[in-house]
Amino acid sequence: MTPNIHHDKILILDFGAQYTQLIARRIREIGVYCEVWPWDHSPEEILSFGAKGIILSGGPESTTSPGAPAAPQHVFDSDLPIFGICYGMQTMAVHLGGATEAADKREFGHASVQVIYPDTLFSGLSDHPSEFRLDVWMSHGDHVSRVPPCFTITAATDRIPIAAMSREDKRWYGVQFHPEVTHTLQGQALLRRFVVDICGCQTLWTSANIIEDQIARVRERVGCDEVILGLSGGVDSSVVAALLHKAIGSQLTCVFVDTGMLRWGEGDQVMAMFAEHMGVNVVRINAASRYFDALQGVYDPEAKRKIIGNLFIQIFEEEASKRKQAKWLAQGTIYPDVIESAGSKTGKAHVIKSHHNVGGLPEQMTLGMVEPLRELFKDEVRRLGVALGLPHAMVYRHPFPGPGLGVRILGEVKPEYAELLAKADSIFIDELHQADLYDKVSQAFAVFLPVKSVGVVGDARAYEWVIALRAVETVDFMTAHWAPLPYDFLSTVSNRIINELRGVSRVVYDISGKPPATIEWE
């Protein structure tokens, strides 16, 4: 019998911190299901969610500012264990009768915390046992200056007298540091202590259980109907294909839409892997001309994303109309897409880019939705793929945007631009593999710049296109550093692109971090 993997769960109320999704990923790694909701979500839904504990995340606001997000009263009325992290601890303190103040100096980076009182959260945890100290990561400007009534100060640093607090009878805890980041050495142990020991959650959230659960859910949802899936060869759609093929077999039809904006040779690779190797029913549709016609004269990135998303659905509905049993459209939507598209009722959350799987779906879509990865983070999707038997090279492929090269060609998208870019990108990726650098960077790709640059080809003056190379290192894709690739490697890539591709005279390397830049150029 499949265990109820959602029975024991944690709710994270998001106050806008860059690390909030990381908290959720760490809890999932422990083996417990959790969700991230905006801090101002409706009280009725929060209380009916059935969480065994609530975490208040960090956030960029100051509790001393008028209108700052505040911990909701109904959370404290719930009798559930509560864990406030950074801003979450501060808003907990203020709401319950304590106080906060701005620190003389902001504290960012490594810090050493002295445990004063080893409550249930801290008991037995230490990086320096003889001193009962923890090495942690701080990122705050304000701090708690007075704990609420009945609370105990449990930890301090040389700079702040209240680095942690608790009220054991209520099972309320707060820490000023960030246990979710790897720099806090006992961070995962602290989260486990709260989730498993204090909240009493069982660790049922495993790849094997998720696969069993999703197979049962898919079978119950679709019955004998046919399901169609857009198969691109990316990680998400590949894992969905493998999972659905295992769940419903011949009821699954994968539709590979060649948009003309995919990676070089991707169509043949997709057909070889799924149709020939796995025995999945795959229909290949050449829709490149339709996409390029629809994108003609369109320069705005958001407009391009919407057009690509809407045309994607239109093509699928056309294919479904040929299949009388096709009632469902499967998609590779993953949990970060859902979180970032939800937003906050207060308007404090801002949409940076719409998501191909979430933001571009037309309201009149006639197919039902099947999204078996909707609850999963990317690292969970990869582990699921391995458990399903997919090749490592496919599962650990770098991310590729839903709109494809359409958002890596700046401005208007043309067929000749897409062909040049796909070839340049293929050269870059090939050289990364040859130099054993591919797995050392988190994401790498080429970008087509719609500007021409003067060059010399042979003895003649040339006026040709510019290709930008982008490679980043990141843990969570919320922040990223540009990858310091060796100069001789970049020289090799540049020479190959310029020599092998007619129409390119210059190659540049993007050395922008995130923030301020995003990883993708559009």
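Cβ coordinates come from backbone N, Cα and C, glycine included.
For C86, the entry in Swiss-Prot reads active site, nucleophile. Per Swiss-Prot, the feature active site maps to H178, E180. Per Swiss-Prot, ATP binding site is recorded for S232, G233, G234, V235, D236, S237, S238. What Swiss-Prot lists as domain 'Glutamine amidotransferase type-1' is 9-204, and the listing cites sequence analysis. Here Swiss-Prot flags 205-397 as domain 'GMPS ATP-PPase'.
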- Query: In whole Å, how far is H178 (active site) from G234 (ATP binding site) when you measure between their Cα atoms?
  - Reply: 33
- Message: Give me the CA-CA distance between E180 (active site) and V235 (ATP binding site), in Å, as a whole number.
- Response: 25
- Message: Using DSSP and collapsing to three states, where does H178 (active site) fall: helix, strand or coil?
- Response: coil
- Item | Any further residue of that chain within 8 Å (Cβ to the Cβ centroid of S232, G233, G234, V235, D236, S237, S238) of the recorded ATP site | L231, V239, V240, G332, R397, F400
- Note on the structure: Students should find that the Cβ of S232 (ATP binding site) has, within 10 Å, a number of other Cβ atoms equal to 24
- Item | Secondary structure at C86 (active site, nucleophile), reduced by DSSP to three states | coil
- Query: Could you state the CA-to-CA distance between S237 (ATP binding site) and H178 (active site) to the nearest Å?
  - Reply: 33
- Query: Relative to the Cβ of S238 (ATP binding site), which residues of the same chain, six or more apart in sequence, are found under 8 Å away?
  - Reply: L231, M273, F274, G385, L390, M394, V395
- Within the predicted model, mean pLDDT of the domain 'GMPS ATP-PPase' (205-397): 85
